[in-house]
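Please read the structure below before turning to the comments.
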């Protein structure tokens, strides 16, 4: 194994936790930037060009008959071979987080329809599903199995948002494990069927999945409900006869405890697991070789690369499989430096350079986190969203120059925001402030205007007040808008009417004194 640091010359801010890499005939493409696609690349898909330890991101284009593909983070992806020559190599994309932090339940099929020396043109189509449609999720896996001349997609695990009625301060970690159902998806007819297997008790997130022929192996993963990473190993077999499919699951010994790991394939029957986490805030520095031969699986430790001090001491890492036995890794930059990059990147080669490209067709696993997931402060989470300045695209490309001002403001799309001028919530040092906080700082929704989220700690709220506000539909206004709120809810004070002094009133010009009856009438009139 060889570890090499690489530099990103342009648009380094695009590469953040949750991205995916797709390999089309040896060319690697980046997908899943944080934020809406740039004006110069409306698809959000970039060619990841690596030469001499130098990375360039070049925008790609889609055919006119393509559907819109949002830049999803933490989706499930896998390769798929269709029946036609044009469908020889495709990617299936399901779920993930959209730029506004919503979860997708759509399935996209992405293929390369035109290639030349300068660019690749993609086609993306959306598959409509009927039947037992999987709910929107992220941190799950999708694989394709082949049996009796037929193919079927297999979807499992992941996390989904809790219903809005359950998202209170006491349960501020607003995502939950999906039910441990196995979904079979027919890509040709768009049918989905759910199966309940008694061996699967938890909807594990950020697990590792490996598919070969009619079998899928599920390793590791994280159970959000129990906050454990069980050392489980499941074998799921799918038989596709003329009638109804048959799905069975077997629990195997020899599993490993890991979540958010990256899987890459080194030869026909051999895979390598890199990275991930073994505890709540502890990276897993061990690498494993997985061998699949004669319908058996063997997992053993291998010699680890010479990790750099930066990698060893970083609290998080993330990345994705580049294909051909190579992994793309990222770690946070050193914020102690005066000028520091948001992330540093490395390539880790786990195989020889002559690896056959066809080997990558069996590697069907999730990308390493995450979105910032939502499991723990340092694990499986989309919380790790560091900001960085974006440079422009190379001038020699036939695209408009990227202007950072074209970007949508994402400062309020997630929990890690700067909510006020005095906000001191730091994603690198955050610790629970309220007893009700689990894995995220508690936030309150300000009702002013279109509304926005603010950190309860920055608003100096008492915990009792925090629970009261989050438990119901009470209107709340942050410190910045509380005066505006008072003006909206408090009627403006009206000036009192001036009353003339009650003196002896004389009829003008007559000299006569008014009678008591007339005086009483005048008093009632002015009062």
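Even glycines carry a Cβ here, placed using N, Cα and C.
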If TrEMBL is the reference, give me the range from 333-356, 357-380, 381-404 marked as region 'Disordered'. 357-380
452, 455, 481: which of these binding-site residues has the highest Cβ count within 10 Å of its own Cβ? 455
So what sits near residue 423 (Zn(2+) 1 binding site) in its own chain, CB-to-CB under 8 Å and at least six residues off in sequence? 417, 455, 458
Excluding 446, 452, 478, 481 themselves, which residues in that chain have a Cβ inside 8 Å of the centre of the Cβ atoms defining the Zn(2+) 2 site? 447, 448, 449, 451, 454, 476, 477, 480
Rounded to the nearest Å, what's the C-alpha distance separating residue 419 (Zn(2+) 1 binding site) and residue 452 (Zn(2+) 2 binding site)? Just drop the number here, would you? 9
What count of other C-beta atoms do you get within 10 angstroms of the C-beta of residue 446 (Zn(2+) 2 binding site), across all chains shown? 22
Would you count the other CB atoms within 10 A of the CB of residue 458 (Zn(2+) 1 binding site), including those on all shown protein chains? 21
If the Zn(2+) 1 site is taken as the center of the Cβ atoms of 419, 423, 455, 458, which further residues of that chain fall within 8 Å of it by their Cβ? 417, 418, 420, 422, 424, 425, 454, 457, 459
